[in-house]
Amino acid sequence: MSGLRVSGLRAEYGAARVLHGVDLEVGEAEIAVLTGPNGAGKTTLLRALSGLVRARGTVTLDGVRLLGRRPEEIARLGVWHVTQEGGTFAPLTVRENLRVGARSGRHFAADLEWLFGYFPVLQAHLSQPAGTLSGGEQRLLAIGRALLARPRLLLLDEPLRGLAPRAEGVLFQAIHAINRHEGTMMIIVEHHVATALRIAHRSYVVESGKIADLRTRWRW
Amino acid sequence: MFFQQLAEGLGAGAGYAALALALVLAYRFTGIVNFAQGELALLATYVAWQLVDSGLPYWAALPVTVAVAFTAGMLTERVLIRRVESAPGPISPVVATIGLYVLVNALAALVWSSALRAFPSPFPDAPAGLAALAAAGLAGLVLGALALVVRHTGLGLVMRAVAADPRTARLSGIRVGQVAALGWGAASAVGALSGVLLAPSLFLEPAMMTGVLVYAFAAAVLGGFDSAPGAVAGGLIVGVTETLCGTYLAFVGADLKIAVPLVLIVAVLLLRPRGLFGTAPVERA
Ligand SMILES: Nc1ncnc2c1ncn2[C@@H]1O[C@H](COP(=O)(O)OP(=O)(O)OP(=O)(O)O)[C@@H](O)[C@H]1O
Ligand SMILES: [Mg+2]
């Protein structure tokens, strides 16, 4: 029963139906990459999984049903959603941002060291309010927070957006390291398909609120 | 004479500061301006009076009162605010707090009548000026302790995270509803301090906090409405200005004193809309 199973997932904003029965799976320690045209419903799919939008259908994580729970309860079950924008607390310092949701104090110092190995830029701005970081730095902070939380399932919505090419490579190294060492399952929504597929175990194409019929679905 | 007035201004200011801080806390955690904040403080002050009246020593009644106020604030958030929060538009929750204001006020009059009641001073043996300063010191102590908790504990960090961005807080696994209730509890407890500190000089009666609420609003606006230190500084400024104007400006006197905070509000809004201490939103320009 381990892993994420989604079947018949439907969601709408008011009268506008966005998801029309999505089926997908993420196995133990797998990374799934989601691509598809703008407005296809990728962000909405992640929102449905993390409880930000109401949805119907079945979603189980390690056999536990997720739908119908509040976002904070889903987060407590180990799902961490890095949204398309935001994900940081603007008035709090970088250090405080990393602390919220991170593993217990005992691990925190070591976890920080680990993170700074990949993102020295965060260390350089440790006591600066997050709201004053550059766009790319804020993005790295939001993802860094997610990595420190050591979730069971990590949902990343366009993690590369706004990042310089060098940062892209480092970010994927960090993501990959967490995936291998912790067995973290991930769904990565990304338009930079080539980069994302390098670390993917499977991929799905979302089109008009469904997984595309001619789904490219690799396993390796 | 001047120092006596200054001390009394600071004493009154500490009371305004506490209620202003309560308004700011409730606002930061739920985005709602709680017009019933003063009445919750009034209720707590009546509880304190009842306890002292039935023989409990003042310094034992105080913590009990604060605990009761804390609970009342939490209940208000859980029972009332949470239900109206999701109503469309920013007005409904505020109207609900005005409803609560009227309800609590009527309740206080019903239970304790509208008679003026003498309320004990925390420092009955000190001369007036010194007692006022000591009261201000007491308020400072409590607010300082609160600031320490908020700045330097894990719980404080969680509270600041919720105040900064409830959605991101939820996605981080923080039970935002509980934290908001805690914030309203803290607000109500701080507000109770305001009532208890001001009651010895104002006398306890159902309308006691009405004027204080106006002063507290002035103080909060002066401080920027989102800044806790700003609210405290604003309260002290309002208290001192009001007292000194009442004494030294003949045309103000006792009757026009209540206009002083209103003039301050308008002046601040015209000259510095963000308040004296209001934080510019932390964002890159
Ligand atoms: N809050 C909302 N209210 C109403 N409609 C919305 C809302 N959010 C998204 N939509 C609509 O739902 C559809 C799917 O949006 P979604 O954000 O899930 O797409 P996406 O696949 O993430 O696109 P992109 O690649 O551009 O990020 C779009 O047509 C969008 O206009
Ligand atoms: Mg999207």
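Just so you know, glycine gets a Cβ as well, placed from its N, Cα and C.
According to TrEMBL, the transmembrane segment annotation covers B:6-25, B:32-52, B:58-81, B:93-116, B:128-150, B:179-200, B:206-225, B:232-252, B:258-277.
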* Do at least three CB pairs under 8 A connect the transmembrane segment (B:93-116) and the transmembrane segment (B:6-25), leaving out pairs fewer than 6 apart in sequence? -> no
* Asked: For the transmembrane segment (B:128-150), what are the same-chain contacts with Cβ under 8 Å, counting residues 6+ beyond its ends?
  -> 3-4, 7-8, 10-15, 17-18, 21, 121-122, 156, 159-160, 186, 190, 193, 197, 228-229, 232, 236
* Asked: For the transmembrane segment (B:179-200), what are the same-chain contacts with Cβ under 8 Å, counting residues 6+ beyond its ends?
  -> 11-12, 14-19, 21-23, 25-26, 28-30, 34, 37-38, 40-42, 44-45, 48-49, 62, 65-74, 76-78, 81-82, 118-122, 135, 138-139, 142-143, 146, 158-159, 162-163, 169, 208-209, 212, 216
* Asked: What residues in the same chain, six or more past the boundaries of the transmembrane segment (B:206-225), come closer than 8 Å to it by Cβ-Cβ distance?
  -> 15-17, 19-20, 22-24, 27, 35, 37-39, 41-42, 45, 105, 108-109, 112, 114, 194-195, 198-199, 231-235, 237-239, 242, 258, 261-262, 264-265, 268-269, 274-279
* **Tertiary contacts of the transmembrane segment (B:93-116) (same chain, 6+ residues out, Cβ under 8 Å)** => 30, 32-40, 42-43, 46, 49, 76, 80-81, 84-85, 87, 203-207
